[in-house]
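The block underneath contains the structure these notes are about, expressed in structure tokens.
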There are 4 protein chains.
Amino acid sequence: MSQHFENIPAIKYEGKDSSNPFAFKHYDANKMLMGKTMAEHLRMSACYWHNFCWQGSDVFGANTFDRAWYKPTNEMEAAKMKADAAFEFFTKLGIPYYSFHDVDVSPEGRSVKEYIRNFSEMVDVLEAKQEETGVKLLWGTANAFSNPRYMSGAASNPNPEIFTYAAAQVFHAMNATKKLKGENYVLWGGREGYETLLNTDLKRERAQLGRFMQMVVEHKHKIGFTGTLLIEPKPAEPTKHQYDYDTATVYGFLKEFGLENEIKVNIEANHATLAGHSFHHEIATACSLGILGSVDANQGDEQLGWDTDQFPSSVEEYALVTYEILKAGGFKTGGYMFDTKLRRQSIDLEDMFHAHIGAMDTLALSLERAVQMIEDATLATLVEQRYAQWNDTLGLDILAGKHSLQDLAEYALRNNLNPTPTSGRQERLENIVNGYIYR
Amino acid sequence: MSQHFENIPAIKYEGKDSSNPFAFKHYDANKMLMGKTMAEHLRMSACYWHNFCWQGSDVFGANTFDRAWYKPTNEMEAAKMKADAAFEFFTKLGIPYYSFHDVDVSPEGRSVKEYIRNFSEMVDVLEAKQEETGVKLLWGTANAFSNPRYMSGAASNPNPEIFTYAAAQVFHAMNATKKLKGENYVLWGGREGYETLLNTDLKRERAQLGRFMQMVVEHKHKIGFTGTLLIEPKPAEPTKHQYDYDTATVYGFLKEFGLENEIKVNIEANHATLAGHSFHHEIATACSLGILGSVDANQGDEQLGWDTDQFPSSVEEYALVTYEILKAGGFKTGGYMFDTKLRRQSIDLEDMFHAHIGAMDTLALSLERAVQMIEDATLATLVEQRYAQWNDTLGLDILAGKHSLQDLAEYALRNNLNPTPTSGRQERLENIVNGYIYR
Amino acid sequence: MSQHFENIPAIKYEGKDSSNPFAFKHYDANKMLMGKTMAEHLRMSACYWHNFCWQGSDVFGANTFDRAWYKPTNEMEAAKMKADAAFEFFTKLGIPYYSFHDVDVSPEGRSVKEYIRNFSEMVDVLEAKQEETGVKLLWGTANAFSNPRYMSGAASNPNPEIFTYAAAQVFHAMNATKKLKGENYVLWGGREGYETLLNTDLKRERAQLGRFMQMVVEHKHKIGFTGTLLIEPKPAEPTKHQYDYDTATVYGFLKEFGLENEIKVNIEANHATLAGHSFHHEIATACSLGILGSVDANQGDEQLGWDTDQFPSSVEEYALVTYEILKAGGFKTGGYMFDTKLRRQSIDLEDMFHAHIGAMDTLALSLERAVQMIEDATLATLVEQRYAQWNDTLGLDILAGKHSLQDLAEYALRNNLNPTPTSGRQERLENIVNGYIYR
Amino acid sequence: MSQHFENIPAIKYEGKDSSNPFAFKHYDANKMLMGKTMAEHLRMSACYWHNFCWQGSDVFGANTFDRAWYKPTNEMEAAKMKADAAFEFFTKLGIPYYSFHDVDVSPEGRSVKEYIRNFSEMVDVLEAKQEETGVKLLWGTANAFSNPRYMSGAASNPNPEIFTYAAAQVFHAMNATKKLKGENYVLWGGREGYETLLNTDLKRERAQLGRFMQMVVEHKHKIGFTGTLLIEPKPAEPTKHQYDYDTATVYGFLKEFGLENEIKVNIEANHATLAGHSFHHEIATACSLGILGSVDANQGDEQLGWDTDQFPSSVEEYALVTYEILKAGGFKTGGYMFDTKLRRQSIDLEDMFHAHIGAMDTLALSLERAVQMIEDATLATLVEQRYAQWNDTLGLDILAGKHSLQDLAEYALRNNLNPTPTSGRQERLENIVNGYIYR
């Protein structure tokens, strides 16, 4: 058996006083919290692309990662070595899920036929690997943005044959996801957006996209895929403007095409901040709209205007996000997927482990803090009390639609209303949150 | 008759070679373009608040404007002097419309009753002024954000009595707008948003807001107001996050509450850029969704993170925006409203004229450029050609819903699809646009 | 004795398990760390302006704070009541320092003469208060930006009489600071910047500013003020562009006018982030240039483009900042000054305490984490090792200026150099930091 | 002779009414303005890298440009074909200058020796091409950021051998630039910055950079290179923070290492905006500090947080920038260099021409507008008048250092100063500018 990470031990939980860099300090997979194990709450997944496809290049520089699995010149041989390395990594790390794009795991070939043949062969390889290791598929997806044919979009392309090519990829990627018992299927609108309004018909492109998503929903039902369909919002990059800008925009799109009960969102932390929102905001918005599906758990750089896909390290941020998710009932088919890449200077194989260990510990600790927020209920109670007056007659009648504008105008005059404001207590609430995080 | 601007002549069109700073270089109100006068196309409006209420303060400094109409200590006397000054200004400037909030024109008083009495008296004053001068009301609105009672929102307030107070204001402001033959009624969600998620129930606040807007729609129909209802998107400021973040968000909100055929958007240039969009983007998005109502014509500062409300001076920006509006059929009840304020250092009365003259000329010149873009049709033709393949069988069938994902996957394989990309021609299109602007 | 905060107890340290909101969980003033008490390390200061002058207004809304000390109509009476409230607050909170602008503590009057008389009287009041309570002055400053005369700047004003007026204020404020044993004197360039380049002569304005600062330095030596002179960088707001943009810009300015050994910087967290830097960056930059003086300890909102002056709550941020300051030897005359204001909705007097308690606990906990980083030395050792090769001959000779470009070109060729890169270990370092913060 | 652009005619000036897309509408090379030709004023240069090295990839997608010169498998053969194509392009376009990095024009090889041999051979090729076509070299530079060895910086690298390798490249690139009669030599600090403060010693890295730049200056004098040395500021990308952040930062750096009379700045429009400044600001700042050298003429996207390097199309922006440069005496050795790339979807060879023609016309028209601003002198006169009081005794004495703070405080009291502010006239000035641009 090939040993890509032979110097790295399997990662175990050793507790927060451990000084072993190759051990978890907080992630204790089987620890029970609110009736579920940590692993069941967090449902963490590693990604294929950043770990096993990206080679360390950036816009200004060449590859810096020197990995064995990039060396074979035969594409299928390389794909299989990559799968070996990937599952060795997932297993040593002890992460329960992985996620992939079709062309991450399989060479895209020089024709539709070759694409299908390669992919089919690699899906069998992955199926065997899953069987052997117990690692499961959180979600699958199709990459319809890297090949030059997609330079002007996939579903939103001005050429219907390119739309059709993308449809073929999604067809096969959905089928593969079902075969591999994937729990979700994701659509990220890589180039579904515009570069310049001067050459773009927004209404037409949205109609194309709407029809594409309807076909995806129809196909899901046809094949009996029981996972969740997810759209992943992002405001820009690679395009100037992506149509799935943020959660609120995706919600409007789903409503326009009657899809709001069929598709949920996969929120990425760094996409949220690029859209001008806090990560917390996007999660809370999706929860309030009932469309939270899954999370791409990463972290951006507040000073940089592009997707840096860093590993999550902020418990201050993730504790509140996890609290929000727990309040909404926790993950169903979704989970925390690490759409994260090493810094380009972190060139050693061991860096892959440092990065994921830190991320998994960050989420585990955040979960513990969030669980206590839920169990104490102090925060929830304060919020409820703030709106308590809406449970009185006036408030209930307003929301029940029993009053017109005129009724209320008369009510205000009749009662000579002069309502006084109440403190919002923001600083006190922040202290309470820090009380949980730094207990 | 009081003469607040006695040293300023009535502003006339003198053509672009004029060196008179108190003359229009491009705005020739009665010039015909595409069957309408410039005035009819642009439907320009001055605002009451920045010109006649704001006194030049900012967060770090006291008032700098020393105006006669701020001096009377009797509030109603001051309000009437303000109205005199306002209509003298509108008339000298030759702008056809104005716009106001209830408390711009009328002291809000110390009770609901006083509010109603003051406002009623001032609406009569305004009606007489309109009659006398021919200046018309583009839109009215209610200010439900400045008074401390609204510190935690109006419709989204945790206290239903404050919701009720806001309802009373909107009731009276809508009635006043109808009486004054206003062509639109605007709702700007000043503090309809949150400061911290820690004390906020997003779902509940959105429900409150939804019901509020339904009541507004019902009231419109009840009183037979024939103008357009408008929501004005803004991402933040004064709140951390406003629920009417941008056009796409407002669209989703309208769909959620069944209001998409009743309410349109009033897009402000500087709000668009604060939301991370180009102004052009917001206009094009609203047009593509069929919800463009009116425009707050101003300009932000690309380096500053707050609403600077500067006067529009960029023909490069407004020519494309106007082109988009003309493509969508031009303004119906809406228009270009100057939600603009003098720089705090522009303390002289004459600065009010310089600023508006420049803005009106910018829009007039932009209109001329946009009309030529429409009449030549080069841009539109190139866009149409880009999507031409969608008019062939494959494209038509896809959009007609005749194909499943599987059909297309089989089509791709059967035809061994290998579509090649076509140049997007962005730079060529930019040259064409500059050819119009700098002809 | 007047009792402005009669329902609030004096704040004591009760430890992290305390559930008393009016107690410190982490700030234990006399706890010894690295040979100094917490109080001596942190040197925390409350500010006068946000707590006792600002009344809760924002750009879109009126005052929300209803405080006794804003009520007296006699200005000097109000100033004295404010001083009573301020020192009662400082004392109950147990904060060792305070800071003020001249016109925070004293009515500016209607003439230079009145300004001097009022200020002189209030300085005596403050002196007595300091004596009585033991509260000390961290720094004083002059407000040369709020009065309309300063609308176009103070030292950079186009009118030399306004420059002169500002000089008079700074003269008196420096003298007052000396009298009150202030440990620093701060200059914040409120409106020393431009609104538009169209009316601005950058070179001339910088020369004016340079001369002004030289006079300040000369005056310091003349009166024997032994505190530190500080410039506080900020990129914009209220101006479009402030000349003291950030630490690097201030350094260049100091070098241009020969002031680099006379003036240090007072870095504000929220100004750092508005300038597009991390707070950590600005602190590290100032330390590396040897010009760190003091810190305005607050926190911005990552989604908002203006100075929100929130209370610090992030230990993740402040632990690293404090580590940087400790590495550079800790504060000398400077300290952590809370340039922080309540959220406008936090209208109760008790909110002032919640906010400051949370902030002081955040800094205390950050200090504890930073001290452990220093004492363990793991981080510092790893950084040192990274540059270890520079201690070999080649590196030493290069930095000693012994090599020319040609020497090195020949060296590279002769040795057929092919240096290989080494992992930057960013993720591992982030794990180490989290190991300290969440131990 | 190879004909890479055989279907494109040589580009000529045809005037603004021409509808020929392959003609200049405004750039009339020999037109005289203020005693110089347009070509002499603008000194425009095309770049090698974006046009002849970049193949249309982005972070999310593969190459889209299919050019003949990327096909030869022999590296030197490809380099020569590239040179053929480049000079054919420069000549057809009629642009007087070009600019390059060492490894744009020459394969970097597998050793220092190979690097030198390849580069030397290609410099001879370029010399012959220059001779043959009359195209001149605006500036040369070395790429010390793309090779993986530079992943942690060049001069600021923790490994002195990598510093040395970079020194070797700069040595050869400077010599080549001299040989090719280049008029400037540029240093862009690609990776001279940090990714994380956790592994970085700022002071040490700045010292390394300082010594490197001193060696460059020494070498310039040693070889008698008479061109200008330039540093190109950029705030970030590829690093998180680059040490040459902006003009003000570079100025401080130059002062720290005594280089302020030896090195000037090369300002890039899109770098300016990424740094949070307007392009106009950076130019005006450099002029006011006397360090403006040259300009990378491009345009960013206001909504995107990375360097998009678009072709300049805004006359509104470039007219003011060019006005600033003309006020400062115009370019000496510098010029307008197009650091611009095609949009990734503009895949045709003709797009290279559309893009450059548009850019050159934008600059030509901007020059015409700026010349008129200079010749009319209205703007300059208004600025001068604004500061006129500084020419009176008080102002002159202050700037001459004749007054102390105390003198001015006494002056203010004695004269009972009460200076009143004067309108800044921003809107009027904006109208005047538009009067020139849209005359």
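For all residues, glycine too, the Cβ spot is worked out from N, Cα and C.
Nobody curates TrEMBL annotations by hand; they come from automatic prediction.
Binding of Mg(2+) 1 is attributed by TrEMBL to A:Glu232, A:Glu268, A:Asp339, and the same site annotation extends, among A:Asp201, A:Asp296, A:Asp361, to A:Asp296. Proximity note: of the listed binding-site residues (A:Glu232, A:Asp296, A:Asp339), A:Glu232, A:Asp296 have a CA within 10 Å of the CA of A:His271 (Mg(2+) 2 binding site), given in sequence order. Here the candidates are the recorded positions A:His101, A:Glu232, A:Glu268, A:Asp296. The one whose C-alpha lies nearest to that of A:Asp307 (Mg(2+) 2 binding site) is A:Glu268. What surrounds the Mg(2+) 2 site, by Cβ distance within 8 Å of the Cβ centroid and not counting A:Glu268, A:His271, A:Asp307, A:Asp309, is the set A:Lys234, A:Ala269, A:Asn270, A:Leu274, A:Asp296, A:Asn298, A:Gly300, A:Thr308, A:Asp339 from the same chain. In sequence order, A:Val186, A:Leu187, A:Trp188, A:Gly189, A:Asp244, A:Val265, A:Asn266, A:Ile267, A:Glu268, A:His271, A:Asp296 make up the list of same-chain residues 6 or more apart from A:Glu232 (Mg(2+) 1 binding site) whose Cβ falls under 8 Å from its Cβ. Taking Cβ-Cβ distances under 8 Å and a sequence separation of 6 or more, the neighbours of A:Asp339 (Mg(2+) 1 binding site) in its chain are A:Cys47, A:His50, A:Glu268, A:Asn270, A:Asp296, A:Ala297, A:Asn298, A:Asp309.
Residues within less than 8 Å, Cβ to Cβ, of A:His101 (active site) and separated from it by at least 6 positions along the same chain comprise A:Tyr48, A:Trp49, A:Gly140, A:Thr141, A:Ala142, A:Asn143, A:Ala173. In three-state terms derived from DSSP, A:His101 (active site) belongs to an extended strand segment. Counting only residues at least six positions away in the same chain, the Cβ atoms of A:Tyr48, A:Trp49, A:Phe52, A:Cys53, A:Asn143 sit under 8 Å from the Cβ of A:Asp104 (active site).
DSSP assigns A:Glu232 (Mg(2+) 1 binding site) to a strand segment in the three-state reduction. Within 8 Å of the Cβ centroid of the Mg(2+) 1 site, not counting the listed residues A:Glu232, A:Glu268, A:Asp296, A:Asp339, the chain contributes A:Trp188, A:Lys234, A:Asn266, A:Ile267, A:Ala269, A:Asn270, A:His271, A:Val295, A:Asn298, A:Met337. Under the DSSP three-state reduction, A:Asp307 (Mg(2+) 2 binding site) is assigned to coil, being neither helix nor strand.
A:Asp296 (Mg(2+) 1 binding site) falls within a strand when secondary structure is assigned with DSSP.
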